[in-house]
Amino acid sequence: MSEYLVTGGTGFIASYIIKSLLELGHTVRTTVRNPRDEEKVGFLWEFQGAKQRLKILQADLTVEGSFDEAVNGVDGVFHTASPVLVPQDHNIQETLVDPIIKGTTNVMSSCAKSKATLKRIVLTSSCSSIRYRFDATEASPLNESHWSDPEYCKRFNLWYGYAKTLGEREAWRIAEEKGLDLVVVNPSFVVGPLLGPKPTSTLLMILAIAKGLAGEYPNFTVGFVHIDDVVAAHVLAMEEPKASGRIICSSSVAHWSEIIELMRNKYPNYPFENKCSNKEGDNSPHSMDTRKIHELGFGSFKSLPEMFDDCIISFQKKGLL
(Lines of atoms letter the chains of each structure in order from A; the text may use other names.)
(Lines give C-alpha, C1' and ligand atoms only; values in the text may rest on other atoms or scores of the structure.)
Protein backbone atom coordinates (compact mmCIF):
# COMPACT_ATOMS: atom_id res chain seq x y z
CA MET A 1 0.00 0.00 0.00
CA SER A 2 1.09 3.56 -0.66
CA GLU A 3 1.05 6.83 1.26
CA TYR A 4 -0.58 9.74 -0.53
CA LEU A 5 -1.10 13.44 0.12
CA VAL A 6 -4.46 14.99 -0.83
CA THR A 7 -4.46 18.79 -0.59
CA GLY A 8 -7.53 20.71 0.57
CA GLY A 9 -9.04 17.79 2.46
CA THR A 10 -12.44 19.30 3.25
CA GLY A 11 -13.21 20.05 -0.40
CA PHE A 12 -15.86 18.15 -2.35
CA ILE A 13 -13.47 16.22 -4.60
CA ALA A 14 -10.68 15.90 -2.03
CA SER A 15 -12.84 14.40 0.71
CA TYR A 16 -14.16 11.73 -1.66
CA ILE A 17 -10.61 10.90 -2.81
CA ILE A 18 -9.51 10.56 0.83
CA LYS A 19 -12.45 8.26 1.56
CA SER A 20 -11.67 6.10 -1.48
CA LEU A 21 -7.93 5.86 -0.76
CA LEU A 22 -8.56 4.84 2.85
CA GLU A 23 -11.05 2.18 1.73
CA LEU A 24 -8.40 0.85 -0.66
CA GLY A 25 -6.03 0.45 2.31
CA HIS A 26 -3.69 3.36 1.64
CA THR A 27 -2.27 5.78 4.22
CA VAL A 28 -3.37 9.35 3.59
CA ARG A 29 -2.14 12.78 4.58
CA THR A 30 -4.29 15.80 3.89
CA THR A 31 -3.85 19.53 4.34
CA VAL A 32 -6.32 22.14 5.55
CA ARG A 33 -5.94 25.69 6.80
CA ASN A 34 -6.90 24.76 10.37
CA PRO A 35 -6.63 21.08 11.38
CA ARG A 36 -8.20 21.86 14.76
CA ASP A 37 -11.46 23.16 13.29
CA GLU A 38 -13.58 20.12 14.18
CA GLU A 39 -16.68 21.62 12.61
CA LYS A 40 -14.97 21.48 9.21
CA VAL A 41 -12.63 18.48 9.48
CA GLY A 42 -14.55 16.24 11.89
CA PHE A 43 -16.34 14.26 9.17
CA LEU A 44 -12.99 13.10 7.74
CA TRP A 45 -12.28 11.13 10.92
CA GLU A 46 -15.48 9.12 10.37
CA PHE A 47 -14.12 7.47 7.21
CA GLN A 48 -13.23 3.79 7.36
CA GLY A 49 -9.58 3.48 8.42
CA ALA A 50 -9.18 7.21 9.15
CA LYS A 51 -8.20 6.82 12.80
CA GLN A 52 -5.40 4.43 11.84
CA ARG A 53 -4.21 5.82 8.49
CA LEU A 54 -5.16 9.51 8.15
CA LYS A 55 -3.08 12.54 9.16
CA ILE A 56 -4.43 16.09 8.88
CA LEU A 57 -1.75 18.78 8.51
CA GLN A 58 -1.82 22.56 8.28
CA ALA A 59 -0.95 24.30 5.00
CA ASP A 60 -1.92 27.46 3.15
CA LEU A 61 -2.08 27.64 -0.65
CA THR A 62 -0.66 31.16 -0.74
CA VAL A 63 2.35 30.53 1.56
CA GLU A 64 5.57 29.36 -0.09
CA GLY A 65 7.02 26.22 1.52
CA SER A 66 3.74 25.55 3.32
CA PHE A 67 3.43 22.07 1.77
CA ASP A 68 7.05 20.92 2.30
CA GLU A 69 6.28 18.84 5.40
CA ALA A 70 3.10 17.33 3.95
CA VAL A 71 4.80 16.27 0.70
CA ASN A 72 8.00 14.93 2.26
CA GLY A 73 8.07 11.12 2.10
CA VAL A 74 4.79 10.40 0.31
CA ASP A 75 4.53 8.23 -2.81
CA GLY A 76 2.11 10.50 -4.64
CA VAL A 77 0.35 13.85 -4.36
CA PHE A 78 -3.23 14.67 -5.37
CA HIS A 79 -3.37 18.46 -5.63
CA THR A 80 -7.10 19.20 -5.52
CA ALA A 81 -7.20 22.27 -3.26
CA SER A 82 -8.77 25.20 -5.09
CA PRO A 83 -11.55 27.74 -4.60
CA VAL A 84 -14.27 27.34 -7.23
CA LEU A 85 -17.05 29.89 -6.88
CA VAL A 86 -16.46 33.22 -5.15
CA PRO A 87 -19.17 35.89 -4.68
CA GLN A 88 -18.77 38.62 -7.30
CA ASP A 89 -18.36 41.34 -4.66
CA HIS A 90 -15.20 39.69 -3.33
CA ASN A 91 -11.69 40.57 -4.47
CA ILE A 92 -11.40 37.99 -7.28
CA GLN A 93 -7.62 38.29 -7.49
CA GLU A 94 -7.14 37.64 -3.78
CA THR A 95 -9.84 35.03 -3.21
CA LEU A 96 -9.76 33.07 -6.48
CA VAL A 97 -6.93 33.81 -8.90
CA ASP A 98 -4.01 33.96 -6.43
CA PRO A 99 -4.92 30.79 -4.46
CA ILE A 100 -5.28 28.79 -7.69
CA ILE A 101 -2.10 29.99 -9.41
CA LYS A 102 0.12 30.52 -6.35
CA GLY A 103 -1.25 27.36 -4.74
CA THR A 104 -0.31 25.26 -7.75
CA THR A 105 3.16 26.83 -7.86
CA ASN A 106 3.71 26.28 -4.14
CA VAL A 107 2.57 22.64 -4.17
CA MET A 108 4.64 21.85 -7.28
CA SER A 109 7.69 23.53 -5.74
CA SER A 110 7.31 21.44 -2.59
CA CYS A 111 7.01 18.34 -4.77
CA ALA A 112 10.26 19.25 -6.54
CA LYS A 113 12.07 19.22 -3.19
CA SER A 114 10.89 15.62 -2.59
CA LYS A 115 11.20 14.28 -6.12
CA ALA A 116 13.67 11.56 -5.06
CA THR A 117 10.84 9.68 -3.34
CA LEU A 118 7.76 11.13 -5.07
CA LYS A 119 6.48 8.92 -7.88
CA ARG A 120 3.68 11.02 -9.36
CA ILE A 121 1.58 14.14 -8.95
CA VAL A 122 -2.07 14.20 -10.03
CA LEU A 123 -3.38 17.75 -10.43
CA THR A 124 -7.11 18.49 -10.44
CA SER A 125 -7.55 21.02 -13.22
CA SER A 126 -10.85 21.54 -15.02
CA CYS A 127 -12.60 21.48 -18.37
CA SER A 128 -12.66 25.24 -17.73
CA SER A 129 -9.02 25.22 -18.83
CA ILE A 130 -10.12 23.63 -22.13
CA ARG A 131 -13.51 24.98 -23.27
CA TYR A 132 -13.30 28.79 -22.94
CA ARG A 133 -12.37 29.55 -26.55
CA PHE A 134 -13.78 31.77 -29.29
CA ASP A 135 -13.97 28.65 -31.49
CA ALA A 136 -15.30 26.17 -28.89
CA THR A 137 -18.27 25.15 -31.04
CA GLU A 138 -16.30 24.84 -34.28
CA ALA A 139 -13.40 22.99 -32.61
CA SER A 140 -15.65 20.42 -30.88
CA PRO A 141 -15.29 17.74 -29.80
CA LEU A 142 -12.70 19.39 -27.57
CA ASN A 143 -9.84 17.14 -26.51
CA GLU A 144 -6.76 17.24 -24.31
CA SER A 145 -4.83 19.30 -26.87
CA HIS A 146 -7.24 22.24 -26.58
CA TRP A 147 -6.64 25.07 -24.12
CA SER A 148 -8.85 27.90 -22.92
CA ASP A 149 -7.91 31.35 -24.20
CA PRO A 150 -7.07 33.73 -21.31
CA GLU A 151 -8.23 36.68 -23.45
CA TYR A 152 -11.64 35.03 -23.89
CA CYS A 153 -11.81 34.47 -20.12
CA LYS A 154 -10.98 38.12 -19.41
CA ARG A 155 -13.51 39.41 -21.94
CA PHE A 156 -16.36 37.51 -20.29
CA ASN A 157 -15.09 37.70 -16.66
CA LEU A 158 -14.58 33.93 -16.49
CA TRP A 159 -12.02 34.20 -13.72
CA TYR A 160 -12.15 30.59 -12.54
CA GLY A 161 -11.34 29.39 -16.07
CA TYR A 162 -8.66 32.07 -16.37
CA ALA A 163 -6.97 31.01 -13.13
CA LYS A 164 -7.28 27.27 -13.80
CA THR A 165 -5.75 27.73 -17.26
CA LEU A 166 -2.78 29.73 -15.98
CA GLY A 167 -2.40 27.46 -12.95
CA GLU A 168 -2.32 24.32 -15.07
CA ARG A 169 0.14 25.89 -17.53
CA GLU A 170 2.40 26.74 -14.59
CA ALA A 171 2.16 23.18 -13.25
CA TRP A 172 3.30 21.80 -16.61
CA ARG A 173 6.16 24.33 -16.76
CA ILE A 174 7.45 23.33 -13.31
CA ALA A 175 6.99 19.60 -14.00
CA GLU A 176 9.08 19.87 -17.15
CA GLU A 177 11.71 22.07 -15.54
CA LYS A 178 12.09 19.88 -12.44
CA GLY A 179 11.57 16.48 -14.08
CA LEU A 180 8.36 15.61 -12.21
CA ASP A 181 5.83 12.96 -13.31
CA LEU A 182 2.63 15.00 -13.60
CA VAL A 183 -0.79 13.78 -14.75
CA VAL A 184 -3.69 16.24 -14.92
CA VAL A 185 -7.39 15.35 -14.56
CA ASN A 186 -9.75 17.84 -16.23
CA PRO A 187 -13.25 17.27 -14.79
CA SER A 188 -16.30 19.19 -15.92
CA PHE A 189 -18.96 20.47 -13.44
CA VAL A 190 -18.92 17.94 -10.59
CA VAL A 191 -22.24 16.74 -9.16
CA GLY A 192 -23.17 14.07 -6.62
CA PRO A 193 -24.13 13.45 -3.02
CA LEU A 194 -22.96 15.76 -0.27
CA LEU A 195 -20.33 14.06 1.90
CA GLY A 196 -19.31 16.80 4.34
CA PRO A 197 -21.50 18.61 6.86
CA LYS A 198 -22.26 21.57 4.57
CA PRO A 199 -22.54 21.99 0.79
CA THR A 200 -19.44 23.48 -0.81
CA SER A 201 -19.47 25.88 -3.74
CA THR A 202 -20.83 23.82 -6.65
CA LEU A 203 -23.34 21.92 -4.49
CA LEU A 204 -24.32 25.18 -2.82
CA MET A 205 -25.25 26.52 -6.26
CA ILE A 206 -27.45 23.49 -6.97
CA LEU A 207 -29.12 23.78 -3.56
CA ALA A 208 -29.85 27.50 -4.06
CA ILE A 209 -31.35 26.79 -7.51
CA ALA A 210 -33.52 23.96 -6.11
CA LYS A 211 -34.81 26.22 -3.32
CA GLY A 212 -35.46 29.16 -5.63
CA LEU A 213 -32.99 31.33 -3.73
CA ALA A 214 -30.50 32.11 -6.49
CA GLY A 215 -32.72 34.60 -8.35
CA GLU A 216 -31.81 32.94 -11.66
CA TYR A 217 -30.06 29.89 -13.00
CA PRO A 218 -26.73 30.12 -14.85
CA ASN A 219 -26.57 30.67 -18.59
CA PHE A 220 -24.04 27.84 -18.82
CA THR A 221 -23.62 25.13 -21.41
CA VAL A 222 -21.28 22.81 -19.57
CA GLY A 223 -20.25 19.22 -19.16
CA PHE A 224 -21.37 17.49 -15.97
CA VAL A 225 -19.77 14.53 -14.21
CA HIS A 226 -20.58 12.40 -11.16
CA ILE A 227 -18.20 12.70 -8.21
CA ASP A 228 -17.71 8.90 -8.21
CA ASP A 229 -16.37 9.10 -11.77
CA VAL A 230 -14.06 11.98 -10.83
CA VAL A 231 -12.60 10.00 -7.92
CA ALA A 232 -12.13 6.91 -10.11
CA ALA A 233 -10.38 9.07 -12.72
CA HIS A 234 -7.98 10.46 -10.11
CA VAL A 235 -7.08 7.02 -8.76
CA LEU A 236 -6.61 5.76 -12.33
CA ALA A 237 -4.39 8.76 -13.12
CA MET A 238 -2.23 8.02 -10.08
CA GLU A 239 -1.97 4.24 -10.29
CA GLU A 240 -2.09 3.43 -14.02
CA PRO A 241 1.51 3.46 -15.33
CA LYS A 242 0.33 4.35 -18.85
CA ALA A 243 -1.50 7.49 -17.66
CA SER A 244 0.16 10.71 -18.82
CA GLY A 245 -0.60 14.26 -19.86
CA ARG A 246 -4.13 15.64 -19.48
CA ILE A 247 -7.24 13.47 -19.02
CA ILE A 248 -10.73 14.84 -19.70
CA CYS A 249 -13.33 13.52 -17.23
CA SER A 250 -16.81 14.53 -18.39
CA SER A 251 -20.19 12.94 -19.01
CA SER A 252 -23.00 14.76 -20.85
CA VAL A 253 -22.82 18.41 -21.92
CA ALA A 254 -26.07 20.34 -21.30
CA HIS A 255 -27.42 23.85 -20.80
CA TRP A 256 -28.65 24.58 -17.29
CA SER A 257 -32.20 25.01 -18.65
CA GLU A 258 -32.13 21.28 -19.47
CA ILE A 259 -30.98 20.49 -15.93
CA ILE A 260 -33.78 22.61 -14.45
CA GLU A 261 -36.34 20.76 -16.59
CA LEU A 262 -34.85 17.39 -15.60
CA MET A 263 -34.99 18.20 -11.87
CA ARG A 264 -38.40 19.87 -12.01
CA ASN A 265 -39.96 16.82 -13.68
CA LYS A 266 -38.52 14.54 -10.99
CA TYR A 267 -39.06 16.86 -8.01
CA PRO A 268 -42.08 19.06 -8.87
CA ASN A 269 -42.55 20.26 -5.28
CA TYR A 270 -39.35 22.30 -5.21
CA PRO A 271 -39.39 25.93 -6.45
CA PHE A 272 -36.62 25.63 -9.04
CA GLU A 273 -35.51 28.89 -10.65
CA ASN A 274 -37.41 29.89 -13.80
CA LYS A 275 -35.26 32.79 -14.97
CA CYS A 276 -32.03 32.28 -16.90
CA SER A 277 -29.11 34.65 -16.38
CA ASN A 278 -28.29 36.88 -19.36
CA LYS A 279 -24.53 36.56 -18.77
CA GLU A 280 -22.71 35.71 -21.99
CA GLY A 281 -19.53 33.74 -22.63
CA ASP A 282 -20.23 30.48 -20.81
CA ASN A 283 -23.01 29.24 -23.07
CA SER A 284 -21.17 28.11 -26.22
CA PRO A 285 -22.47 24.75 -27.50
CA HIS A 286 -19.62 22.25 -27.45
CA SER A 287 -18.77 18.62 -26.78
CA MET A 288 -15.90 16.87 -25.03
CA ASP A 289 -13.81 14.01 -26.42
CA THR A 290 -13.37 11.36 -23.70
CA ARG A 291 -11.65 8.67 -25.75
CA LYS A 292 -8.39 9.01 -23.82
CA ILE A 293 -9.82 8.11 -20.40
CA HIS A 294 -11.65 5.11 -21.87
CA GLU A 295 -8.45 3.91 -23.55
CA LEU A 296 -6.86 3.86 -20.07
CA GLY A 297 -9.53 1.39 -18.91
CA PHE A 298 -12.17 3.73 -17.47
CA GLY A 299 -15.72 2.36 -17.74
CA SER A 300 -18.88 4.29 -18.57
CA PHE A 301 -19.80 7.65 -17.04
CA LYS A 302 -22.87 8.01 -14.83
CA SER A 303 -25.81 9.83 -16.42
CA LEU A 304 -27.24 13.28 -15.68
CA PRO A 305 -30.32 11.81 -13.89
CA GLU A 306 -28.08 9.63 -11.70
CA MET A 307 -25.80 12.45 -10.59
CA PHE A 308 -28.58 14.95 -9.87
CA ASP A 309 -30.74 12.32 -8.14
CA ASP A 310 -27.83 11.43 -5.87
CA CYS A 311 -27.29 15.11 -5.14
CA ILE A 312 -30.93 15.97 -4.35
CA ILE A 313 -31.43 12.82 -2.25
CA SER A 314 -28.35 13.69 -0.16
CA PHE A 315 -29.78 17.18 0.45
CA GLN A 316 -33.04 15.57 1.59
CA LYS A 317 -31.24 13.16 3.93
CA LYS A 318 -29.32 16.02 5.54
CA GLY A 319 -32.48 18.10 5.98
CA LEU A 320 -31.38 20.78 3.53
CA LEU A 321 -34.40 20.32 1.25
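Cβ atoms are placed via backbone N, Cα and C, with glycine included.
Swiss-Prot has this to say about the protein:
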MOD_RES   Ser2  N-acetylserine
BINDING   4-28, Lys40, Tyr160  NADP(+) binding site
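By the criterion of other Cβ atoms within 10 Å of the residue's own Cβ, the least surrounded of the recorded positions Ser2, Ser20 is Ser2. The DSSP secondary structure for Ser2 (N-acetylserine) is coil. Of all Cβ atoms in the shown protein chains, 25 besides its own fall within 10 Å of the Cβ of Tyr4 (NADP(+) binding site). When the binding-site residues Gly8, Phe12, Tyr16, Leu24, Val28 are compared by the number of other C-beta atoms lying within 10 angstroms of their own C-beta, Leu24 comes out lowest. The CA atom of Leu24 (NADP(+) binding site) is located 10 Å away from the CA atom of Ser2 (N-acetylserine). If you check the binding-site residues Gly8, Phe12, Tyr16, Ser20 against the residue listed as 'N-acetylserine', none has a Cα inside 10 Å of its Cα.
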